[in-house]
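All remarks here apply to the structure that follows.
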Amino acid sequence: TQGNTCGGETCSAAQVCLKGKCVCNEVHCRIRCKYGLKKDENGCEYPCSCAKASQ
C-alpha cells in the first residue's frame with residue numbers, strides 16, 4: 001500500500017520494500033491499455049492500472 005516506510009524512504013503503491021529499499025513491484029497482468037500502464041514518479045508500473053492520455 002502507498003506510504004509504507006522502507007529503510008528511511010516511503011514506497012509508492014507501485015513499489016514494494018525489499019531488503020530495506022523501495023523497488024518496482026514485479027506483479028503484471030494481462031490487460032491492454034491504450035496509453036500503457038500507469039507509472040509512479042520512479043517509473044514503476046502500477047499493476048493493472050491504465051495510464052491516461054496526458055501521461
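All residue numbers here begin at 1 and follow the chain in the order shown.
Every residue gets a Cβ built from N, Cα and C, even glycine.
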Just confirming the record: what cysteine out of Cys11, Cys33, Cys44, Cys48 does Swiss-Prot connect to Cys22 via a disulfide?
Cys11
Cys50: disulphide-linked cysteine among Cys24, Cys29, Cys33 [source: Swiss-Prot]:
Cys33
Cβ contacts under 8 Å made by the domain 'Antistasin-like' (24-50) with residues that lie 6+ beyond its boundaries:
12-16
Across the domain 'Antistasin-like' (24-50), what are the DSSP residue counts per state (helix, strand, coil)?
0 helix, 10 strand, 17 coil
Calculate the distance in Å between the alpha carbons (Cα) of Cys29 (disulfide bond) and Cys50 (disulfide bond), and round it to a whole number.
11
